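Student: Copied straight from TrEMBL:
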- GLU327: active site (ACT_SITE)
- ASP410: active site, proton donor (ACT_SITE)
- HIS326, HIS330, GLU406: Zn(2+) binding site (BINDING)
- 40-224: domain 'CAAX prenyl protease 1 N-terminal' (DOMAIN)
- 227-462: domain 'Peptidase M48' (DOMAIN)
- 16-36: transmembrane segment (TRANSMEM)
- 76-99: transmembrane segment (TRANSMEM)
- 119-143: transmembrane segment (TRANSMEM)
- 170-188: transmembrane segment (TRANSMEM)
- 194-215: transmembrane segment (TRANSMEM)
- 348-370: transmembrane segment (TRANSMEM)
- 376-401: transmembrane segment (TRANSMEM)
Amino acid sequence: AMALSGDLWAELPAERRIFCSVLLFSWAVYLWEAFLAHRQRRVYRTTTHVPQELGQIMDSETFEKSRLYQLDKSTFSFWSGLYSEVEGTMILLCGGIPFLWKLSGQISGRAGFGPEYEIVQSLVFLLLATLFSAVTGLPWSLYNTFVIEEKHGFNQQTLGFFFKDAIKKFVVTQCILLPVTSLLLYIIKIGGDYFFIYAWLFTLVVSLVLVTIYADYIAPLFDKFIPLPEGELKQQIETMAKSIDFPLTKVYVVEGSKRSSHSNAYFYGFFKNKRIVLFDTLLEEYSALNKEPAEGEDGENEEAKSKTKNKKQGCKNEEVLAVLGHELGHWKLGHTVKNIIISQMNSFLCFFLFAVLIGQKELFAAFGFYDTQPTLIGLMIIFQFIFSPYNEVLSFCLTVLSRRFEFQADAFAKELGKAKDLYSALIKLNKDNLGFPVSDWIFSMWHYSHPPLLERLQALKDAKQE
């Protein structure tokens, strides 16, 4: 039977073999992910009591809350994953990509651009494809925000805010995506034999420009950034930055609490122009969730009050400094630069392989393009489908590397004398974000870019006792 199926496979035309391989691999990845998620769900279902080693860290009420939250998220992720896998398969089987390409040609034709205007047709195609995925993803996004996040006390958005946000996000994405894509396609068209070098350099410049302007011009379209007021915390942050030669220029607080009560902190900027951004939900003093709503205001505030009265959120100043010590550790140890180098090497390799493969007519025929070989479709087929096995392996390696970086950044904060404060901050952040501290080992190895809480605490504990 094996020999027979091998013969049948060999007799299939090359394009059918490519198409079937892509579909089979996609389902293999999906089934592997589903298997891992199933193992993790079993952990959520069966671990109903706080394990002994967590007794000091987590009370049973928080433990139960986080267990139910993660269980809901995992079930949601199962259904949304199944939906997107079936949707992707149906699009491929029913020839959705060539259909959309033809439709884009008709639309650009009506606007007076014939088939020779391939870049115009490509932009119409991109706009329609992103619109399609935004519309099909909307019910899932709504359910996640207003059912799951709402039920577990994280959602702070109104329906109006959500839709305004979604439209804004779509428009901003198009304003960046369409010009960048048209330039990239133009470079590939006129670049000659070495187009892959120019295309790579172009994407490198675009990513550096986006990183530079994101926090100053793009992020403020969605959230309000205010400078951290003068005071003890600001002074301590500046002193710590100076002690490790971090070229800090500004510290901002972002009003993340309007969107969600999850907390975070990050830094950005190039060379001598670094800024630190703290979410208001990270700071005990600033978190809107810790403030009492004004008396005598509308019923909405009553609801907000009942939501937040039992929640003291965020970290004390010393703990915030410890979290920042960890973040600055990433900078001092060169993790940021290493990540940029890895991603650019990967990007160059992908463009080089794209240049090797783009001439293969069978690749286009496999996805229903028998007469034309549009560059954008080539990019999509090669980067999204042909490279998917490589992308899976790379993604796993980066997850392993990221965990290593996290331990190193914790160790750096420890050297700054912040072990005790980082220890308590990690516990608080885990509690505020309802992280579940028990995980299946294969699931955590495959998915967690940060080490499990217990492992991080253990590493810090050894330091605390030294």
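Cβ from N, Cα, C; glycine included.
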Student: Please work out whether the transmembrane segment (76-99) lies in contact with the transmembrane segment (170-188), by counting C-beta pairs under 8 angstroms that are 6 or more apart in sequence and asking whether there are at least 3.
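Tutor: Between the transmembrane segment (76-99) and the transmembrane segment (170-188), contact is absent.
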Student: To what whole number does the mean pLDDT across the domain 'Peptidase M48' (227-462) round?
Tutor: 87
Student: Please report, as numbers and ranges, the same-chain residues at least 6 past the borders of the transmembrane segment (348-370) whose CB is under 8 Å from any CB of it.
Tutor: 13-16, 18-19, 22, 92, 95, 97-98, 101, 195-197, 199-200, 203, 377-379, 381-383, 385-387
Student: Considering only Cβ pairs under 8 Å, which range in 16-36, 119-143, 194-215 makes the most contacts with the transmembrane segment (170-188)?
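Tutor: Selected stretch: 119-143, with the most Cβ pairs under 8 Å.
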Student: List the other residues in this chain whose Cβ sits within 8 Å of the Cβ centroid of the Zn(2+) site residues HIS326, HIS330, GLU406, in sequence order.
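Tutor: Here the nearby residues are GLU327, GLY329, HIS335, PHE405, GLN408, ALA409, ASP410, PHE412, ALA413.
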Student: Whose Cβ, among the binding-site residues HIS326, HIS330, has more other Cβ atoms within 10 Å than any of the rest?
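Tutor: Answer returned by the neighbour count: HIS326.
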Student: Can you check which residues sit near GLU327 (active site), meaning Cβ under 8 Å from its Cβ, same chain, 6 or more apart in sequence, and list them in order?
Tutor: ALA265, TYR266, PHE267, ILE276, ALA409
Student: Using a cut-off of under 8 Å between C-beta atoms, tell me which stretch among 16-36, 194-215, 376-401 contacts the transmembrane segment (119-143) the most.
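Tutor: Stretch with the highest Cβ contact count: 376-401.
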Student: Give the distance between the Cα atoms of the residue listed as 'active site, proton donor' and HIS330 (Zn(2+) binding site), rounded to the nearest whole Å.
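Tutor: Their Cα atoms are separated by 9 Å.
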Student: Report, as a single number, how many Cβ atoms besides its own are within 10 Å of the Cβ of the residue listed as 'active site, proton donor'.
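Tutor: Around the Cβ of the residue listed as 'active site, proton donor', 26 other Cβ atoms lie within 10 Å.
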